[in-house]
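Sequence annotations record features per position, and here Swiss-Prot assigns compositional bias 'Polar residues' to 1-11. The compositional bias 'Basic and acidic residues' feature in Swiss-Prot is assigned to 561-570. Residues or ranges marked as N-linked glycosylation site in Swiss-Prot (evidence: sequence analysis): N541. Annotation comment: Swiss-Prot describes 1-34, 550-570 as region 'Disordered'. Annotated transmembrane segment per Swiss-Prot: 50-70, 94-114, 121-141, 182-202, 210-230, 278-298, 323-343, 356-376, 379-399, 413-433, 445-465, 517-537 (among others), in sequence order.
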Amino acid sequence: MPDSGNIQLDTLQHKDHSQETTSHYEGGSQLPEQESLDTNIQDDSVEYPGLIRVILITMGVALCSFCVGLDNTILATAIPKITSEFNSLEDMSWYVSAYLLVTSAFILSFGKIYTYYSVKWTYLISLGLFELGSLICAITPSSAGLIVGRAISGLGSAGLFPGSVIILSNIAPLHQRPLLTAFIGIMSGIATVTGPILGGVFTDRLSWRWCFYINLPIGGVTAVVVFLFMKTMKVKKNVPTSQKIKGLDWIGTAVFIPAIVSLLLALQWGGARYNWQNVRIIMLFIIAGVLGMVWLLIQRWKKEEATIPPRLMQRRSVVGTCIYTIPFVGCVIVLGYYLPIWFQSVKGVSASQSGIMNLPTVVGTIVVGLLSSVLIMRVGYMMPFLVLGSVMLAVGAGLCSTFQRSSGSAEWIGYQAMIGMGAGLGYQLPLLVVQADVPAADVPVATAVVIFMQNLAGSIFSAIAQTVFQNQLANSVQILAPSVNPESILDGGTVDLSDRFPSDVLPSILQAYNTAVTHTFYAGVAAASLSVFGAFIVRWNVSVKKKVPPEPLVPGGSHSGAERDSKNGT
């Protein structure tokens, strides 16, 4: 007897395309159903939760996304106090790197774990790891303990990133997910922007340890909500444990982790700790390249047991979203990082004031993100919104590249609003595209791939922007203020410039900073423009409203992968 608090799914002939359940080897040979996957809806007797449960679960997951977003940026204003307390200036970069490296290294692995094991319990275990890491960071008496805690939190966040999106696919049909996904993305975006402000408040008023204590009660609320209100769907247990373990691709993971760690270390250290020609950076890139090629060969060899099954990357929309995501998110990262630097260095405001001046971007993202979600729920198609998001983001970045020292509030408010609208249109859509395009059994891996690309974009474009900024700043200082040593500029930071330089050279220094920052926005313009090509690769008819009959699961009645793609317009 169905629970009265639940909503019955549509009839069998109206199931979402995202609820397909058949997987195939290359060439069309059939694989066993992956019926252990929570998101793999088997028949029309399965029920989605009722409205109250959907709201509670979404709010719980959104709170967790807020915590994860905070952890990405909250230490920006707290690190000086931490290094002073621990007397550990040499460890400073590891407070951020330990978290980022572990998160990026394990995101794809969690995509496979979510494929074979309960979404609910995998998410709760990931949340437990994140909370444990936060607790260690909050109470640690040493710098080493803080680094270990950050690494453990990073491992947990690797499961929370894709888990949040996968949970939404468990609690709502595809055509209702745009609004839920937008809400999750907005909470994460707000946390990313407000993180440095909260970090400064905690550090000045309480203690830097509250940057981590704050995660404990919020994560606790999420854990209670998910545990009580999210049900593990009934599925047939016909996948042997040995096959599940084998399907986690241990060989591929063992090669992928050192490959991605080498790449990220090269991107983080290059131009900062060492110059790009340093033998350490060159060797890291070589190691990353060689291991990356080995990993690709392993994926081809393992086929369906690979971390990313090759057939998944043969789908136009998956490839398109990856090509779209890297430059699009890269542009958002560059603008999000260097707009506050422009406010603080050129306009001379404090960190908290720069956060307030950054609100037009936040408001634009929230408003347009919600409005576009409602529109997508009505029209279904997403490709036009991807293109429009890229265009608006590129225009906004281009307008910001015209900033001058004399630029007034009308300019920086209006230009940021354009950036926010572009980000609101395109940031979360790739996650919906892959959910609408791939079979349900592939949703966890496809989701993890997109989120991994988002993380990778941050590392790549942060390194590019940092190189552009530092080189342009040094060149501008040599031209505009030849009496000033460029090294002292680079080592001194971007704040309190009026206190560090005499009045006769200060205008030249401010102009040099303005030139350096606006040149980084050129990289944002190029990135946003490139993302348009990815949007056009995505199939135009991928829709959150499109209903197709499920493929037959009996031998002789199933379609080959190529036939299925042809039917769906791939």
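Every residue, even glycine, has its Cβ placed from backbone N, Cα and C.
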Highest-contact recorded stretch vs the transmembrane segment (323-343), from 121-141, 356-376, 445-465, CB pairs under 8 Å: 445-465
Distant-in-sequence neighbours of the transmembrane segment (278-298), which means Cβ under 8 A and at least six residues beyond its ends: 249, 251-252, 255-256, 258-260, 262-263, 265-266, 269-270, 306
Recorded stretch that, among 50-70, 94-114, 210-230, 517-537, has the most CB pairs under 8 Å to the transmembrane segment (379-399): 517-537
In three-state DSSP terms, the structure that the residue listed as 'N-linked glycosylation site' belongs to: coil
Non-local residues, at least 6 beyond the ends, that sit with Cβ under 8 Å of the transmembrane segment (413-433): 165, 177-178, 181-182, 184-185, 189, 317, 320-321, 324-325, 328-329, 332, 335, 339, 358, 360-372, 376, 382, 385-386, 388-397, 399-400, 403, 447, 450-451, 528, 531, 535, 538, 542, 544
Number of Cβ atoms other than its own within 10 Å, given for N541 (N-linked glycosylation site): 14
Any contact, the transmembrane segment (445-465) to the transmembrane segment (94-114), with at least 3 Cβ pairs under 8 A: yes
Beyond the flanks of the transmembrane segment (50-70) by 6 or more, those residues with Cβ under 8 Å of it: 3, 5-7, 127, 130, 157, 160-161, 164, 167-168, 171-172, 180, 183-185, 187-192, 194-195, 198, 211, 214-215, 218-219, 221-222, 224-226, 229-230
